[in-house]
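Feature annotations, courtesy of TrEMBL:
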- B:21-246: domain 'ABC transmembrane type-2' (DOMAIN)
- B:20-42: transmembrane segment (TRANSMEM)
- B:54-75: transmembrane segment (TRANSMEM)
- B:96-125: transmembrane segment (TRANSMEM)
- B:131-158: transmembrane segment (TRANSMEM)
- B:165-183: transmembrane segment (TRANSMEM)
- B:224-243: transmembrane segment (TRANSMEM)
Amino acid sequence: MTYTIEAVGLLKSYRGHTVLKALDLGIRQGEVFALLGPNGAGKTTAVRILATLLRPDGGTARVAGHDVVTAARQVRAAISLTGQYAAVDELLTGRESLVMMAKLRRLGRREARRRADDLLERFDLTDARDRRVATYSGGMRRRLDLAAGLVSRPRVLFLDEPTTGLDPRSRREVWAAVVDLARSGVTVLLTTQYLEEADHLADRIAVLDHGRVVAEGTAAELKARAGTGTIELFFPDAPTLDLASTTTSGLVDHEKLSLRVPGDGSAHAVRELLNLMVRNGIHVDRLDLHRPTLDEVFLSLTDRALEGV
Amino acid sequence: MLRDSLTFIDRGLRHSVRSVDALLVAVVLPVVVLLLFVYVFGGAITVGTQYLDYVVPGIIVLCAGYGAAGTSVGVNTDMTTGVIDRFRSLPIAASAVLAGHVVASVARNVVSTSLVLVVALLIGFRPAGGPIAWLGVAGVLLLFMTGISWLAACFGLLARRPETAGAFSFVVMFLPYLSSAFVPTGTMPAALRGIADNQPVTPVIETLRGLMLGGPVGDHGTRALLWCTGFVVVGVVGAAFLFRRRTAP
Ligand SMILES: Nc1ncnc2c1ncn2[C@@H]1O[C@H](COP(=O)(O)OP(=O)(O)O)[C@@H](O)[C@H]1O
Ligand SMILES: [Mg+2]
């Protein structure tokens, strides 16, 4: 058993609409793994299958060594799920919620209270512990939701879009909590629509589009796959820009009077491009180099996936 | 399962105490309805005895409907928010969450019934039944409330949205009006009377009335017990089935 979470050829469709098309995943012990994809990519479906809430139409998945279909109970004992929509009980206080979860995890009354208080402290909710959750901010709810998933010290944690809908400050709070968790050695599968989030939190990222993994690797590997980046040339006036755009293909920006040409930042590529301009008698004011961002990676990968359909 | 049920019952009771509007509906509204019937309509209705004595059992049964509406909504809210996913991802029988709702529902009913009885006594209700009869009253009421609460849970599991689930209360609140709760069925037109005499609420009310006022219960007792037991059985089996269907992986 090399993977803590392993999915092979997972299939799922709803009334003829295929949501997962042979999804494969392999996540190692202690890894923080991000499933990155736009709305409707199939992230929640994948997480629900792995967390035993949904049965796949085909394929197999094992979590913490147990099959998610035939050994659901053993899987549930090892995992914890924080769903896409905060599952907090508005009418209970934060402390009551955690004590309840701890009792459902078979902790005794005293142990349950101690665990609840520890978690409230850890997620910075001690001051609000006796207030009803209805009065909590979005970030506090999410943190409580995370805490509720941790009463049993799970080996595997599923976080479905843990920061969607949160303001930037709350997002950073949740990030800090996840980073903290990762340090404690738990295996985390999180889903997100934000590249920045995957980049910040995950050791490895799988880009999911239309129910298929279209790319997988570390953030750096994915960026490298996106190609080379661009060289942006700036010109003194519009006629020069127009002339330049006839000599080489690139993205014209009339406001900035610039032309973006694909190319890595190597001295060779820059010299070639400038030589071309000089040969055509075009004056270049200055230039900028653009490294590829994860956003570009994402766009290029998902575009490719779309073309493949 | 028992332990988890206790945890969920604790949750249900806390919910009951904190959802102020539901609590008002379940506890205060029955008292208001009692006063309304006694002081507003009562004067115009002749039933042979003091109207207050006649109407108390009907009001109590009416309360069970108000209380159960909250149960449907509560169950449905759990099913339609992420709450149920979280419980289902635990190594427990998640259906125990239903027991929490049902027990809390019965508890709310017990409180509202007691309140109705206290107010009724204060304004002149004079029951004649002895302690054994009152034990019978408690037994029939508990069975009835339990049955109604499980049926309410079924409704909550069937409905797509909490607003729809709330409609359960209409059904349960309507039945007492078409029964001997407020007027003897003998005063109704033949067609309505046929319905009123053969629907479950009438024997329950007649049994309660007989026991409370020391009058004859007749075969109403058996019919009431059969109906209530039927409600409990259908409610529990139905809820188990619907829960499985709704949470099928
Ligand atoms: N219960 C369902 N019935 C029908 N279609 C569904 C159901 N659940 C999800 N889908 C569809 O499956 C696709 C993927 O959904 P989801 O897994 O929630 O994506 P994501 O979490 O990545 O946004 C969407 O097109 C969605 O409409
Ligand atoms: Mg989703």
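A Cβ is built for glycine as well, from the same backbone N, Cα and C atoms used for every other residue.
Within the same chain, the transmembrane segment (B:20-42) packs against the transmembrane segment (B:96-125): three or more Cβ pairs sit under 8 Å, each pair at least 6 residues apart. Highlighted: of the candidate stretches B:54-75, B:96-125, B:131-158, B:224-243, B:54-75 has the greatest count of Cβ pairs under 8 Å to the transmembrane segment (B:165-183). Residues 1, 4-5, 7-13, 15-16, 23, 26-27, 30-31, 34-35, 38, 50, 52-53, 56, 59-60, 63-64, 66-68, 70-71, 74-75, 78, 84, 87, 141-142, 145-146, 149-150, 152-153, 156, 239, 243 of the same chain, all 6+ positions outside the transmembrane segment (B:96-125), place their C-beta atoms under 8 angstroms from a C-beta of that stretch.
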